[in-house]
Amino acid sequence: MKKADILVLDFGSQYTQLIARRLREQGVYAEILPFNVSLADIKAKEPKGIILSGGPASVYATDAYFCDKGIFDLGLPILGICYGMQLMAHHYKATVAPAGHKEYGKANIEVKKDSALFKNLPKKQTVWMSHSDKVENLPQGFEVLATSENSPFCVFGNEDKKFFALQFHPEVQHSEFGKNILKNFAKYACNCESVWNMGSFAKTQAEKIREEVGSDKVLCAVSGGVDSSVVAALLASAIKEQVIVVFVDNGLLRSGEKEQVEFMFKNTLGIDLISIDASEIFLSRLANVRDPEQKRKIIGNTFIEVFEEEAKKHKDVKYLAQGTLYTDIIESSVVGASKTIKSHHNVGGLPEKMNLKLIEPLKEIFKDEVRALGLELGLSKEVVYRHPFPGPGLAIRIMGEVNRPSLELLRKADVILLEELKSTGWYDKTWQAFCVLLNIKSVGVMGDNRTYDNAVCIRVVDASDGMTATFSHLPYEVLENISRRIINEVEGINRVVYDISSKPPATIEWE
């Protein structure tokens with residue numbers, strides 16, 4: 001079992017993933033586990049500290065989430081955040097009740113006592129609150145470390161036990177020194193060293209792959225995106241002669257994608273590539289399917305079938321490698337009390353029975369860590385910084401049924417969007433950019449004639465790890481040129497709209 005410096009117990013907060021991400025940025029390996037993980041599993045991880053995340057429940061409610069009480073007797077430093085703070089207070093017999101004044105948004109705190117958390121930090125700070133309950137009295141043995149206008153017990157702790165509790169969320173960017181607070185907890189309370197990096201990760205994963213695979217062969221599924229490219233490079237660094245890299249044209253790719261992928265692997269990466277045209281089978285199975293979850297599961301099942309057929313042609317193939325990321329695992333609701341957002345074609349969308357064992361060497365890291373790993377493995381910046389492209393491809397960028405005419409419309413619009421972003425220098429400034437073909441038509445006027453054609457939506461977002469995202473503030477003239485070109489050059493589209501929603505509440509992809 002992989003060891004972790006700090007374990008984050010997930011009580012259902014939308015920010016739980018950010019806690020782990022912020023710690024990893026400091027070189028500390030943090031791992032997220034369900035709130036009800038067993039004490040034995042916690043001990044097996046040999047952590048140096050534990051963090052209790054926030055969550056939507058109330059500790060006094062009948063449906064409250066509780067972890068094993070034994071964690072408070074392990075002798076490990078513990079940091080409670082929001083719900084985790086209230087859980088700690090509740091455990092030590094303090095009263096937690098509904099707050100008369102709920103706090104959502106920015107607040108100012110003032111540090112009242114020096115502690116490991118606030119070492120070398122200002123006395124006054126801006127933080128991010130998101131709570132509707134409050135701690136009414138201080139737990140016995142604890143003392144106040146910081147206050148806010150509405151929270152006299154905003155931060156409290158027991159320095160001897162190294163237990164700390166925060167009413168605010170240090171993991172979000174709005175908390176001015178939140179990242180420093182988490183770093184201080186790891187460094188001064190838990191005695192963690194900053195040794196986690198992609199160099200050490202690559203070495204560990206290569207050893208793990210060799211140990212798990214032995215002399216067997218591995219089919220590596222690639223799409224041309226950064227995730228699968230990094231997986232292929234990592235496998236090649238560990239067991240090059242045992243890796244069979246397979247690219248499947250599922251008919252759901254962007255314009256020119258197949259040719260780009262084949263060139264990249266054979267010429268840029270120096271990796272032999274088997275290319276399979278399975279577009280007919282994918283598109284036939286997607287016919288008349290409109291539900292996005294069904295699309296994902298059909299695509300996931302069909303991918304596996306295609307790979308299993310290819311595996312039969314090669315002796316000793318026992319494994320299938322995929323570029324599943326930590327964000328995929330999280331959004332498919334594998335950990336904690338979080339709700340399922342959507343199944344990913346390479347997680348929840350997979351069939352229950354597989355004749356190949358699955359190997360996912362990136363499933364413990366975030367997108368920006370994948371990019372860093374790619375550079376560590378020698379991949380070019382051109383490959384590493386390509387915009388993310390989903391496994392289900394254009395199928396989840398077409399609202400409703402997927403068919404060849406719709407795919408052709410979407411491809412043409414997408415080419416124009418990317419051309420304009422690259423020519424204006426905006427492509428490299430953004431996290432992801434694509435078009436969505438909406439399942440609606442609208443009235444227009446072109447050349448004095450009435451039109452009734454398709455609408456397309458432009459989605460361009462800024463992000464660092466894909467867990468949260470904001471829409472990109474593209475200049476109006478750039479948007480205008482994109483819209484004008486799509487409407488003039490793509491027959492069948494007469495309206496272009498821009499998606500200005502952020503994640504959360506929206507996801508980056510529409511389906």
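Placed from the backbone N, Cα and C atoms, the Cβ positions cover glycine too.
Swiss-Prot lists 5-195 with the feature domain 'Glutamine amidotransferase type-1', giving sequence analysis as the kind of evidence.
Long-range Cβ proximity for C82 (active site, nucleophile), meaning a same-chain Cβ under 8 A and a gap of 6 or more residues, is found for S13, S53, G54, G55, S130, H131, L166, Q167, F168, H169. DSSP assigns C82 (active site, nucleophile) to coil, not to a helix or a strand. Residues or ranges marked as active site, nucleophile in Swiss-Prot: C82.
What Swiss-Prot lists as active site is H169 (among others). DSSP assigns H169 (active site) to coil in the three-state reduction, placing it in neither a helix nor a strand.
With a cut-off of 8 Å between CB atoms and residues at least 6 apart in sequence, the same chain places Y15, L18, I19, R21, R22, I81, G178, L182 near E171 (active site), listed in sequence order. Summarising the annotation, Swiss-Prot assigns active site to E171 (among others).
Among the features that Swiss-Prot reports, domain 'GMPS ATP-PPase' is placed at 196-386, with the record citing sequence analysis.
If you look up Swiss-Prot, you'll see S223, G224, G225, V226, D227, S228, S229 marked as ATP binding site. Taken residue by residue with DSSP, D227 (ATP binding site) is part of a helix.
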Those residues of the chain, 6+ apart, with a Cβ under 8 Å from that of S223 (ATP binding site): F247, V261, G323, F389, G391, G393
Residue among the binding-site residues S228, S229 whose Cβ has the most other Cβ atoms within 10 Å: S229
Cβ-based neighbourhood (8 Å from the centroid) of the ATP site, residues S223, G224, G225, V226, D227, S228, S229 excluded: V222, V230, V231, G323, R386, F389
